[in-house]
Each structure stands twice: as C-alpha cells, then as structure tokens.
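Copied from TrEMBL, the annotated features are:
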type	residues	note
TRANSMEM	6-25	transmembrane segment
TRANSMEM	45-65	transmembrane segment
TRANSMEM	71-98	transmembrane segment
TRANSMEM	105-125	transmembrane segment
TRANSMEM	145-165	transmembrane segment
TRANSMEM	172-197	transmembrane segment
TRANSMEM	209-229	transmembrane segment
TRANSMEM	241-262	transmembrane segment
Amino acid sequence: MYSSNLIGFILAMVSSAFIGSSFIIKKKGLRRAGVNGPRASVGGYGYLLEPLWWIGMLTMIVGEISNFVAYIYAPAVLVTPLGALSIIVSAVLAHFLLKEKLQKMGMLGCLLCIVGSTVIVLHAPEERSLTSVEEIWGLAIQPAFLLYTASAVAVALFLILYCAPRFGQTNILIYIGICSIIGSLTVMSVKAIGIAIKLTLDGINQAKYFQTWIFAMVAITCIILQLNYLNMALDTFNTAVVSPIYYAMFTSFTIFASAIMFKDYSGQSASSIASELCGFVTVLSGTAVLHNTREPDPPITDLYTPLSPKVSWYIQGNGEHWKQKDEDGPAPSFITLLQQDHFK
C-alpha cells in the first residue's frame with residue numbers, strides 16, 4: 001500500500017505541474033483568439049483555430065493522463081488535494097507571462113492552500129480494494145450516491161441554464177462552480193475506468209461489462225462540459241484567482257463524492273477526520289485571501305464584444321451627432337421637437 005500511494009503521489013505532483021502550466025498557455029491562446037473573433041467568454045469558439053491554445057490543451061492532456069494513472073494507484077482523497085501545486089505554478093507563471101500581478105497577500109493565500117493540502121494528505125485514509133467494475137457499479141447505485149448525483153446534475157443545470165447567462169460575466173463562482181460539480185462526477189467515472197483498465201491489464205477483462213462503457217460515456221460528457229466552462233472562466237477572470245478557487249471547489253466536491261461512493265472515511269478516527277476538516281478550512285482560507293487580493297480585470301474592448309443594449313441608436317441634429325449612453329442625461333430637447341415635427 002505504501003509503494004502504491006507513493007506512485008500515486010509522484011504522478012499527482014507531475015500532473016499538477018503540467019495542468020498549472022496549461023492554464024497559462026491556454027489563456028495566452030484565448031487572448032490571441034479574442035483579437036480576431038468573438039471571445040470564449042461570450043460564446044466564441046475561435047480559440048479552436050489557435051495553435052497556442054492547442055499546445056496548452058496538449059499540456060493539460062499530459063497532466064490529466066498522469067492524474068488518471070494516479071487515481072489507479074491511490075485514493076481520490078490523496079490525489080485530488082495535491083492539485084494545490086497547480087495553483088502555485090499557474091499563479092507564478094501568470095505573474096511573469098501574463099502580467100497578472102500576484103500580491104504579497106496572494107502569496108500568503110497560496111501558502112495557506114499548500115499547508116491545508118499537506119494536512120489533508122497526511123491524514124488521508126487508505127483506498128479500499130476493488131476487484132471488478134461490477135463492484136464499483138454497486139457502489140455507484142447506492143441510494144446516497146444516487147442522491148448526490150441527482151443533486152449535482154440539478155445544481156449544474158440551474159447554473160448553466162439560469163445563472164451563467166445572467167451572472168457568468170461578473171460572478172467567478174458560476175463558471176467554476178459548474179466545472180467543480182461536474183468534475184466530481186468525472187473523477188468518480190475516471191477512477192472506475194482506471195480500475196477497469198488495471199484489472200484488464202492484469203488479465204481480468206472488464207470490457208465485457210456494460211458498466212465500463214457507461215462510466216466511459218459519463219466521463220467523456222463531463223470532461224467536455226468542464227473544458228467548455230473552464231475556458232469561459234479563464235477568458236473572463238484573472239488566472240491567479242481562477243486556479244485556486246477552482247482547486248478548492250473541485251477538491252471539496254470530489255472528496256465529498258468519493259466519501260459517499262467509496263466510503264473513504266469508514267473506520268477513520270475522529271481526530272483524523274477533524275484534521276482533514278481543518279485542512280479544508282485552511283485551503284478555503286487561502287482561496288479567500290487570493291480572491292480578496294485580486295487585481296481588477298481589464299475591461300473587454302475588442303470589436304467582437306456585443307454592445308450594451310442601451311447603446312442602440314444615433315440621432316443627428318444641427319450638424320452634430322448624439323448617441324444614447326448609460327451615463328448620458330436626458331435626451332436633448334431637439335429630439336422632442338423632431339418627434340413632434342414627424343407626426344404633424
């Protein structure tokens with residue numbers, strides 16, 4: 001068990017380094033794409049033609065593959081918190097490459113995230129031994145986990161259909177909340193697929209079970225949704241803030257889902273559980289510090305950004321142009337005269 005957790009630990013660290021770098025590379029690609037077309041934050045998909053975005057995507061894929069293998073060897077409550085390293089990588093790179101200044105208090109926030117993650121890792125429970133996909137399926141259809149899945153899907157749909165169109169551009173928790181909630185289901189499916197692959201390589205074929213393919217379809221669907229809304233979050237908000245908040249929320253939901261499905265904390269002492277809770281509080285405190293020390297994001301000024309609905313018409317009078325704006329006062333009196341003359 002010790003050697004298995006060690007392998008998982010190393011793979012998780014490598015994964016975090018690649019994923020943290022991918023945030024920066026992808027955002028540079030998103031910025032380039034935004035110059036020539038609609039930005040991802042307003043529904044544009046021009047970044048798909050940007051080579052730099054694909055380099056970032058490949059970097060993320062390498063990180064996710066490492067993460068995928070790490071879940072095979074170690075429990076989710078050990079692997080997921082190690083994503084804190086990606087916060088440091090992305091924050092430091094954003095400071096130098098994207099000119100998104102990281103304040104001293106922001107550095108303290110990163111440190112708190114690392115300390116909290118360390119506490120979580122030191123008190124992580126051991127992974128239970130699973131021998132088939134059918135056994136994992138039995139865990140997935142427990143009433144408690146079915147309730148969690150239904151709740152997660154309902155909240156995600158509410159955020160996607162109602163909150164995102166109205167508040168997505170101003171509230172950072174909308175896009176990241178969607179990624180994090182869906183991400184917890186992704187991890188459960190990916191872990192099931194990883195165990196199936198490991199068992200198949202050991203000579204116990206798991207491809208013959210329909211449950212394996214259901215887990216695969218769920219994982220693919222959730223990953224696509226995550227990437228879409230993560231792109232929107234990166235294109236709208238400061239990377240140094242997106243990374244830690246995404247990490248904190250994703251880790252929290254994933255460990256909660258894993259505890260329900262795999263019963264990770266069964267048999268754990270009260271002191272170990274309390275220590276993990278303290279670790280979570282520390283991580284969330286670090287996230288709050290980073291969020292409160294963020295620099296205001298520059299306004300979107302590219303030509304493809306939709307105009308405000310209030311900036312909608314021009315009127316010419318006495319050789320001068322006048323345009324209705326939010327900050328403008330009452331319309332000039334000549335408009336009233338114009339309207340009266342028009343209807344005489």
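Every residue, even glycine, has its Cβ placed from backbone N, Cα and C.
Because TrEMBL annotations are produced automatically, they should be read as predictions rather than curated entries.
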What parts of the chain pack near the transmembrane segment (6-25), using Cβ distances under 8 Å and only residues at least 6 beyond its ends?
52-53, 55-57, 59-60, 62-64, 66-67, 69-74, 78-79, 82-90, 93-94, 97-98, 121, 234, 239, 242-243
For the transmembrane segment (71-98), name the stretch out of 45-65, 209-229, 241-262 with the most CB-CB pairs under 8 Å.
241-262
Any chance the transmembrane segment (241-262) and the transmembrane segment (105-125) are in contact, meaning at least three CB pairs closer than 8 A with a sequence separation of 6+?
yes
Which residues, given as numbers and ranges, are at least 6 beyond the ends of the transmembrane segment (172-197) yet have a Cβ under 8 Å from it?
68-69, 71-72, 76, 80, 130, 133, 136-137, 140, 149, 152, 155-156, 159-160, 163-164, 206-207, 209, 211-212, 215-216, 218-219, 222-223, 225-226, 229-230, 232-233, 236-237, 241-242, 245-246, 249-250, 252-254, 256-258, 261, 291
